Amino acid sequence: MPPMQARTLSVYNVMVPLVCLLLFFSTPTHGLSDSEAILKFKESLVVGQENALASWNAKSPPCTWSGVLCNGGSVWRLQMENLELSGSIDIEALSGLTSLRTLSFMNNKFEGPFPDFKKLAALKSLYLSNNQFGGDIPGDAFEGMGWLKKVHLAQNKFTGQIPSSVAKLPKLLELRLDGNQFTGEIPEFEHQLHLLNLSNNALTGPIPESLSMTDPKVFEGNKGLYGKPLETECDSPYIEHPPQSEARPKSSSRGPLVITAIVAALTILIILGVIFLLNRSYKNKKPRLAVETGPSSLQKKTGIREADQSRRDRKKADHRKGSGTTKRMGAAAGVENTKLSFLREDREKFDLQDLLKASAEILGSGCFGASYKAVLSSGQMMVVKRFKQMNNAGRDEFQEHMKRLGRLMHHNLLSIVAYYYRKEEKLLVCDFAERGSLAINLHSNQSLGKPSLDWPTRLKIVKGVAKGLFYLHQDLPSLMAPHGHLKSSNVLLTKTFEPLLTDYGLIPLINQEKAQMHMAAYRSPEYLQHRRITKKTDVWGLGILILEILTGKFPANFSQSSEEDLASWVNSGFHGVWAPSLFDKGMGKTSHCEGQILKLLTIGLNCCEPDVEKRLDIGQAVEKIEELKEREGDDDDFYSTYVSETDGRSSKGESCESISFA
């Protein structure tokens, strides 16, 4: 071989392996698939809750894993809450999730310094509250995170100054730093925040002028802070006071004049307002055959009327101005989108204007908003649910989650027909259920002169609820509590008393603080004791609902009046024998039913087991409920296990017609 060729071959033999080696070691983590990246991330975790991440395995796609939410097949949210997690957070592994936008590790046991989250530059929401992170957060910890909107670091052990980079985030909307040990002064924020909590730290110095109109509670527990809105402005040792003799005469001389002027102005405004309203009422007065709240009630109560009216006003103004019409209308259309987004293709389409023109009747209101029945001009009846506390996800995440819920199809679910997105509030449009909620049928029928639910109807409702809940657990495996808010007011009844679950799958959307205060899942024993939610949390909700259906007792009454809850009240009165005082008198007299009722009571108590490990899972609960019958069969010997020898009664041939629930 010629020397030149030999040298060339020698160089080739050396360079090719070297280049391959360099390529191997320089391959970034983001070359991994989502599945590989998450499994790599899992290796850095210590999981305290048994089987919490059992679904995380290569045999199934990551979008079906617990706590993993996807958008278009890519992972956009990891919701790892209440799992007793510790160890470290592998940022390099997470950087392989190129579509990741939300991280939540709240209510776990992570320790150590603040992870280098700035490597996840596309992140929009970061929730680390209620852990044990500590130490100073570097000033540049949030540099380059231009998309970050929500930062929740409450109830940790962070020290040092608030990082300057967090105050400079251009899109920041929420910042919770309460319950830490931050020191130094509060930085100037780039713009107004929707949510800010700096309470219970060791902050000092003046409150920035941009925060002078903030609720004082935001700054509670920081003894060294002064300035508006705190009352300690003039008593702070950190500022030099002017002589009080100079300030007081000026204040005292102007005070009465200012107050008089304000009172006079308010009086004039009130008088003008009353005259305007009376005049408008007179002009618009028309006879109607609508429901009691009138045609504009939905507009007023949903807050859409003003936006819609302003749009019409702009159109009129543009029409009068002539040449500027096209430009202004185009601009208005670009800013304001009043179109409903439909999730069901099998329904007759209508638009927001049809809803605004509809006669409306308020059905009820709760912690998250209110519900209205809207009767469209076609005669179609819809329910519009208004949510004001649904800002835990951005527009894209919200729409993707709505599509996921819209794909659910089961005869025991109330389908979401359409939705309307506004930054301030959201509207969900559903079908109208003729008999209203289970809560009304259980607790208000007698006072309204309507018949109570009998045993066969109650059993039918329990079976339907269980089936619907099981379906949710099968089709929403990534949610820790697929329903999350199961209670009697969130079960609606059709004309034939078929139950329909509603308000399911909303935990990822509801503001975290409000969810923890009001949603049913956060009242479970595991959350109250260990600050965690599990797959069996919905089962606990099912158990409480079963006990409510059988006893007629409203669960909320127990938490308000005593430390005892409904499950412990039933347990204290149930000794394995028939106890009429436990059951709702409204069930009346039925035939051959005691054994089946006691079976269901036992299932309900097993679903309410405080120890999560001993509690039934949803599959076991559904299987046992499906075995129940309206009346005893000849082959059923269950009742004998609940009848004491001294009682002497048997379900065989015994008619429940003689049983009184009084």
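Positions of Cβ are set from backbone N, Cα and C atoms, glycine also.
Residue-level annotations in Swiss-Prot identify, among ASN197, ASN279, ASN197 as N-linked glycosylation site.
Per Swiss-Prot, the candidate among LYS349, LYS357, LYS385 that belongs to the ATP site alongside LEU363, GLY364, SER365, GLY366, CYS367, PHE368, GLY369, ALA370, SER371 is LYS385.
Residue ranges 204-230, 555-581, 636-662 are listed, and Swiss-Prot annotates 636-662 among them as region 'Disordered'. Non-local contacts of SER437 (phosphoserine) by the CB criterion (under 8 A, 6+ apart in sequence, same chain) comprise GLY364, SER488, SER489, ASN490, VAL491, LEU492, LEU493. DSSP assigns SER359 (phosphoserine) to a strand.
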